[in-house]
């Protein structure tokens, strides 16, 4: 196939499908509830015993306290990603906190917190 | 040997079909309200990975092709290009695909290339296009060497490989449940391949087939999709990025970081490259066998069921130790 036709097909196809998906509402980010946060965490870490779950006001992040330590669950498009909080940096952000993982495939997560939530999460994540 | 044989690049010619089929699947899901899910950024990432795969083939394809043509120069055999030879080549290349794919899940160096195909938590026709950019660096082209040395022309082998990939496109869907029983028995199907994409303990390291599922049945890696264990798509540790560069290279970066840790022996450094995914020198990670054993500790009722057959005959104390 001539390269120019291949390029038109590939670029046109990617752009067309992207626009179609976005306009049909497929860009919505998943919202977490206590029930879905629990089931999603156990999907990622089935052995964990959950103590409690704290969900951010924007419903896109949840701090999961388990018997073996804290974990962060966050919305990732229509799905979720979860990580135990073992090897990370915690950076203040105008909208809340940014958790930087030392992982090329999961570089960071932004936790949006209001002024009431921020000290509470800070205390939960770092009680010392 | 002469090299005056020409076959079309089947994958490039299939691009319009890929686009049309994705539209059809999306509309089917939208109107039926079932049969899969689409998410914009996930789909775009998959499509960009597919475009990058074609681009990497254009840029790096000469390496594999040069190797194959060198083999073609030295082999005294030439089976020609008759229809029966093409059919035989297709079947044997599918056997080649089975083993390359199996290596892709059991050797971390090859997994680093293949992992991106499994990095979506969705399973739709765009997932089929989420393909590697780094296949050349796995050196898995050597697995095709026997075919060329046996007298199958390199262009024909690559043509059959392209048809194999096109076949695999349509099986990346939740819109099709089960095919007729005879078809499920012989061919790779959406059901069989859904199981392959599962991160559930049961479905780890199964169903490596490209076109014919008989290879998995022959080599003991077949696990049928279970109605009572719905497939959870993605990786054991799902990645948190839609950035195609991170998707393409994250496992290679992981290998680099592991290998360059201070204080490791040469054997440990090599194991980080070539042992099955999940290897760690300090036991801090889990292999698929350990994940299965841990699952059975929680769900002993699954012992001996599909995907857990290898644990069937082990004594209880051994199982406890593994868990």
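Sequential numbering from 1, following the chain as shown.
Positions of Cβ are set from backbone N, Cα and C atoms, glycine also.
What TrEMBL records for B:282-304 is compositional bias 'Basic and acidic residues'.
Annotation comment: TrEMBL describes B:87-221 as domain 'Fatty acid hydroxylase'.
The region 'Disordered' annotation in TrEMBL covers B:280-323.
Positions annotated as transmembrane segment by TrEMBL: B:12-31 (among others).
The transmembrane segment annotation in TrEMBL covers B:43-71 (among others).
The annotation transmembrane segment is assigned in TrEMBL to B:77-99 (among others).
Here TrEMBL flags B:147-170 (among others) as transmembrane segment. Remote same-chain partners of the transmembrane segment (B:147-170), defined as residues 6 or more beyond its termini with a Cβ less than 8 Å from a stretch Cβ, comprise 3, 5-11, 14, 17-18, 21, 65, 68-69, 71-72, 74-75, 77-79, 81, 85-86, 89-90, 92-94, 96-97, 125, 128-129, 188, 190, 193, 210-211.
Sequence-distant contacts of the transmembrane segment (B:12-31) (same chain, at least 6 residues past either end, Cβ-Cβ under 8 Å): 37-38, 50, 54, 124-126, 128-129, 162, 166, 169-170, 173, 175. Across the compositional bias 'Basic and acidic residues' (B:282-304), DSSP helix (H, G, I), strand (E, B) and coil residues number 14 helix, 0 strand, 9 coil.
Within the model, the domain 'Fatty acid hydroxylase' (B:87-221) shows a mean pLDDT value of 98, rounded to a whole number.
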